[in-house]
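Trainee: Below are the structure tokens for one structure; questions will follow.
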Amino acid sequence: MGRVRRTGETARNLCLVTKSLTVIRETPYSHCLPPPPPPPPPKGKKCQQYEILQRVLLKSIDLLKSKSGANRTEHHTHLYQSDNLIIRRGQSFEMWITLSRPFNPSSDELHLDLKTGPLAVVAKGTHVIIPLVAKLEGDRWEAAVVKQEDKKIKLLVNSPATAVIGRYQLTVETNNQNGSASSTHDPANDIYILFNPWCQDDIVYMDSEDERQEYILNDTGRIYYGTKDQIGARTWNYGQFSDRILAACLFVMEKSGTSPSGWGDPVNVVRIISAMVNSPDDQGVLEGNWSGDYSNGTSPTVWSGSVEILEEYHKKNGTPVKYGQCWVFAGVVTTVLRCLGIPTRTVTNFSSAHDTDVSLTTDVYLDENLEPIENLNVDSIWNFHVWNDCWMARKDLPPGHGGWQAVDATPQETSQGTYCCGPASLAAVRYGQVYLKRDTAFVFAEVNSDKIYWQKNADGTFTQIYSEKKIVGISISTKAVGSNERSDITHLYKHPEGSNEERIAVETACSFGSKAKAYSSPTAQDVSLEVTLDGEGPKMGKDAELMITLKNSSSQQRSVSLHSQVSVMYYTGVHKATVRTDTTDIEVLPNEGEWSISFWMTFFHHSVKFWDELQLHSHSLRGSRRQNTGNQ
């Protein structure tokens, strides 16, 4: 009996051990077993309830981005040769979303998620969460369901007129009581958002459709060059809608290293582009070259458009393109800003001054013998200089200073440590309000500075001996709206030369300059001087006749010492060679008495290298030997 009991106990113990072993053996491998199949979905009303309880997932997005579709045509972006959705801020657009089941607004939630820049932040406007609302209110990020077809919903999406411009990554997020889901990013669904000159709430709004067609949608233009007496024009292909140009323009913005949070303000964007189109301090698009030696790149005169330049810069990951001069810089700026949606035009200023010391004057320094002091003569007057006007309101300036703003990408002087210039309000320039930002003083000097001659005294000081008041800022030109004619816009930059308004503007500006105490107010001139060239001026291979005429309008005879010099200069005002110098003592009779001298310049320019970039320049300086009531 005892054995039997032991046997029974042993059996029971073995059974327990076996069960324990079974648990131990099965537990490590239990995760490898397939989960039990889900119960079949119920039918009828129970089926509908079952679907509502399931998570809603995104299946596809249709941004309706066809060039001929409503989104692109209504946003005036149908000309861009891109397959992405390109829209303008402050305006609604449509899109279709396909879900895993019909959308139920009573239990499902859905929002769009947009991100731009390397570090998107909601507070800075670079991460945008767009909720579904029952009704669009406008001027904010919002979306509404306007149509539903089974599992598809059509959304009408609105953006504010202050939205940051750039390339946005789009995802869709859904949520209900059963869980949330987020779609993965697909580059094909990226959305490009631009400035909108058709939207009244946008800072760049322009109310003339003809001007919008010209300054936004026209992809070709004319750039003027030469001299005030011999104005030439070259055709320029802006190509802002060409394939890959929008991407290249945004690449330029990204290379600036500025935060995308500031890209909603056109003042910031224009200033960034002004800096980035040149290369001295930020590895921008173009390297300037005025040496005449272009063997390591492309001569500036060869370029006929911006597309090749921007494509090369983008393709080479931000290596500056060789080479550019003022009209090339300006042509590229027009392309980039029109591409981004800012109305822009290319402007040429003839007899354009370059003020280097913020005196608001163009200064010429002479020694005791009236010879130029070369190391001091750093100011210059270019035969022509090309920059840009762009259109925007200026909420950062007093009222009345919106409209056209001057922007100059040619690297001449630094502004706050960077080679850029503008945007400067043309209204501020016109009235000499050089204290208003940005770089208004420099632009004013380009178009309306007086040329002042200073003679060195025995004690080392300088005395102003002569001034020329009507030689800077002539025939400021741009292509006319809707035609290839030249439009003279000098009146937008300055009052008529010699008028009281113009002289007041000059006095106002110079009072804020570095030589405010030295500047003298306008006084009557009784001895005038005029320099003329026979016919249309010097021609290649021909002699030229120069005529200098003095006229005395006073009632007394004047003794004048006339110093004249004829030079060959680059169009930038850089001296190349002196052709002839003369000094003549003259007695000019009173009461409209005249004195003239003429001399011939023989065909000297065979020996001048780079003639295509050189211009003949002459200046004469008169000094009276007697007391004179006017400037001498």
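Cβ from N, Cα, C; glycine included.
Annotation comment: TrEMBL describes 318-411 as domain 'Transglutaminase-like'. Residues or ranges marked as active site in TrEMBL: Cys326, His385, Asp408. The Ca(2+) binding site annotation in TrEMBL covers Asn448, Asp450, Glu497, Glu502.
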Trainee: With Asn448 (Ca(2+) binding site) as the reference Cα, tell me which of the active-site residues Cys326, His385, Asp408 is the closest one.
Mentor: His385
Trainee: I'd like to know which of the binding-site residues Asp450, Glu497, Glu502 sit within 10 A of His385 (active site) at the Cα level.
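Mentor: Among Asp450, Glu497, Glu502, not one has a Cα sitting within 10 Å of that of His385 (active site).
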Trainee: Need this for a regression test: binding-site residues Asp450, Glu497, Glu502, filtered to those with Cα within 10 Å of Asp408 (active site). What's left?
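Mentor: So the list is empty; none.
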Trainee: Starting from the Cβ centroid of Asn448, Asp450, Glu497, Glu502, the recorded Ca(2+) site, name every other residue in that chain with its Cβ within 8 Å, sequence order please.
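Mentor: So the additional residues around the site are Ser449, Lys469, Lys470, Val472, Gly473, Lys494, His495, Gly498, Arg503, Ala505, Val506.
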Trainee: Counting distance between Cα atoms, which of the binding-site residues Asp450, Glu497, Glu502 is nearest Cys326 (active site)?
Mentor: Asp450
Trainee: Highest Cβ count within 10 Å among the recorded positions Asp408, Asp450, Glu497, Glu502: which residue is it?
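Mentor: Sorting the candidates by Cβ neighbours within 10 Å, the top entry is Asp408.
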Trainee: Counting across all protein chains present, how many other Cβ atoms fall within 10 Å of the Cβ of His385 (active site)?
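Mentor: A 10 Å sphere around the Cβ of His385 (active site) contains 27 other Cβ atoms.
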Trainee: For Cys326 (active site), just count the other CB atoms lying within 10 A of its CB, please.
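Mentor: A 10 Å sphere around the Cβ of Cys326 (active site) contains 27 other Cβ atoms.
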Trainee: What counts of helix, strand and coil residues does DSSP assign across the domain 'Transglutaminase-like' (318-411)?
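Mentor: Across the domain 'Transglutaminase-like' (318-411), DSSP assigns the residues as follows: 15 helix, 40 strand, 39 coil.
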Trainee: Taking 10 A as the limit, how many CB atoms besides its own sit near the CB of Asn448 (Ca(2+) binding site)?
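Mentor: Total other Cβ atoms inside 10 Å, all chains included: 25.
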